[in-house]
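I have placed the structure first, in the form of structure tokens, so that the comments after it can refer back to it.
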Amino acid sequence: MSQELTLQQRMDGEAGSDPLRQAVKEAVAALARAAVDISDLTCRGALAGITGQAQGRNTDGDIQKDLDVRADQIIRDALGKLPIAALASEEMADLDILNPAAPICVAFDPLDGSSNINTNMSVGTIFSIMPTPSDVNAAFRQAGSAQLAAGFVVYGPQTSLVLTLGRGVDIFTLDRADRVFKLTGSSVQIPTDANEFAINASNRRHWDLPVRAYIDECLAGADGPCGKNFNMRWIGSLVAEAFRILIRGGIFLYPGDARDGYEEGRLVVYEAHPMAFIVEQAGGGASTGRKRVLDIVPDSLHQRVPLIMGSIKNVQRLEHMHTVPDVALEANAPLFGNRGLFRV
């Protein structure tokens, strides 16, 4: 791997003369250029007029910040003149049909984790590229396994772009001097087993039994069935959690729970599908607990599903608890439960 290999050079080598791959290359290049501009905005913060103030709510009911709106427009402007059949943004209610005869469709979350803006924590952009179906209106009513490419950008201490074209996962870092992304991690592999988990533990009382039982196993540490101690992480930014898992392994859980409006978890089109594609391409797993995320065919642009992703053995253990109820019941038995820090 050359430290000087740019994203453009990498994409040129992948695309060749194939028209479909050429379209993907152009879209990824445009998204990367947009990411540089968004990175500039996040770095300047209040100096660029970014206040983190709410601008209302988007289609999904999430509070929409000023940078959400600006990031959305930057990406739309970057993609608008390319051979793209349709665009879908988390910030918009409906599909934006551009050129139905074009070979690809692009979905994106322009600014994941925007609630972190005021606290100077990591935010990011997530994207998914699909082939155009015969009915362009069904562009994102396809299984996640149909994706041609997926990626995300983390705007943190460094700006990193994670990309899969369905043939492994690469990481590119923004060289601010040249304003281009350069390859810094090739064929990334997630450790098969790790002792970190990420979940918003304040919602424990709302989780279903398998999730509670799994987290209690982790908290029992070396004294429990896992036989080792675990660390908990929670940043509140999906892109930051995913990047850490790519580097160190572990498991991320955003389960559906009993709270009104939170029964179903993360957005399929804008979050779960692209993240699942990336994680699987890096040797990890992504599941709802009962079903592989990439097998899900969403029936709407803003459908949600529980999202569990990370090191394959960790994910498989939680899947086992969902599919074999007695395992979760046994793990939640009083003798074991007394060891859990969250038992009430």
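Cβ atoms are placed via backbone N, Cα and C, with glycine included.
When Swiss-Prot records ASP109, LEU111 as binding Mg(2+) 1, the matching candidate from GLU90, GLU91 it lists for that site is GLU90.
Cross-referencing GLU264, GLU271, GLU280 against the Mg(2+) 2 binding annotation in Swiss-Prot, which names ASP109, ASP112, picks out GLU271. Report note: the Mg(2+) 1 site is defined by GLU90, ASP109, LEU111, and the residues of the same chain whose CB lies within 8 Å of the CB centroid of those residues, excluding them, are ASP68, ALA71, ASP72, SER89, GLU91, PHE108, PRO110, ASP112, SER114, THR125, ILE126, TYR270. Cα separation, ASP109 (Mg(2+) 1 binding site) to GLU271 (Mg(2+) 2 binding site), rounded: 7 Å. Ranking the binding-site residues ASP112, SER114, SER115, ASN200 by C-beta neighbours within 10 Å puts ASP112 at the top. Here the CA atom of GLU90 (Mg(2+) 1 binding site) lies 22 Å from the CA atom of ASN200 (substrate binding site).
Distance noted between the C-alpha atoms of GLY113 (substrate binding site) and GLU90 (Mg(2+) 1 binding site) is 12 Å.
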